[in-house]
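Notes follow once the structure below has been shown.
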Amino acid sequence: MARSVVVQNHQDPVKQAYLDTLLQAMDGACLISDADSCPEGTLILGFEDERLSLKRVSGKEKPISVDFVGGKAGHRRKYGGGKGQDIAKAVGLNKGAKPRVLDATGGLGRDAFVLASLGCQVTVIERSPVIAALLEDGIRRAMEDPEISEIATRMQLIKNDSRRAMESELASGEQFDVVYLDPMFPHKEKSAEVKKEMKVFQDLLSGDPDADELLAPALQLARFRVVVKRPRLSPELGNVAPTYKLEGKACRYDIHALKAFE
């Protein structure tokens, strides 16, 4: 079951106004002034060190925020292997294309940022108001950084349910060169492999129980291919065999090729 989230108030009126708008989008959320008064395990959304962050009361995990400027995203941008990365090959960058990509399961935007840094125009869909807020804040701060602001301009965020958003795009006659899916597996309490950060993430979202339903609209919306990122040993999405697979150490990319890039 997904945990509820509370919002930590802020003395800065601009930040507080933004938090107030987030509250309106979060069903059942409330505003608090004292995090210490919350029960252990409560998820708290608020600003820390100028970043919007999500943390668990009395949790051992570091607060979750989106940082495209430094950290792992910055290191990967500089030293990650460029178009030689599996994700770049999966979406067709090794074929000379710079596809317009729909990342229909955006999450914290890490893969979307990699693709944007390699020249793709990326539209990101995120259905969780909390995760979408973290991602929006990360994109905003990236826009303000002269080194990566150009990359951030290639990322557009849609706050909506993935299936509804794709159906809306289809109804409008829209298509993307590539649709990228990275659905989350339901969290298993006894799994020692789940990172501490992902435990918070999965407590918030309770997995993607409707993930199999995303493939059909994705195949309609894509012009050239649908790419599905999966844990290496997991079953195929919707039990539909891909055209081919790219396998790495921890994950694989199932590629549903529709036609060759023009």
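Glycine is no exception: its Cβ is also placed from the backbone N, Cα and C atoms.
Predicted automatically and left uncurated, TrEMBL annotations should be read as such.
As written in TrEMBL, here are the features:
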type	residues	note
BINDING	ARG110, ASP111, GLU126, ARG127, ASP182	S-adenosyl-L-methionine binding site
*Cβ neighbours of ARG127 (S-adenosyl-L-methionine binding site) where a neighbour is any other Cβ within 10 Å*: 19
*Which number gives the other C-beta atoms within 10 angstroms of the C-beta of ARG110 (S-adenosyl-L-methionine binding site), all protein chains shown included?*
18
*Check ARG127 (S-adenosyl-L-methionine binding site) against DSSP and tell me helix, strand or coil, would you?*
coil
*Farthest-apart CA atoms of ARG110, ASP111, GLU126, ARG127, ASP182, residues recorded for S-adenosyl-L-methionine, distance in Å*: 17
_Would you identify which of the binding-site residues ASP111, GLU126, ASP182 has the most other C-beta atoms lying within 10 angstroms of its C-beta?_
GLU126
*What three-state secondary structure does DSSP assign to ASP182 (S-adenosyl-L-methionine binding site)?*
coil
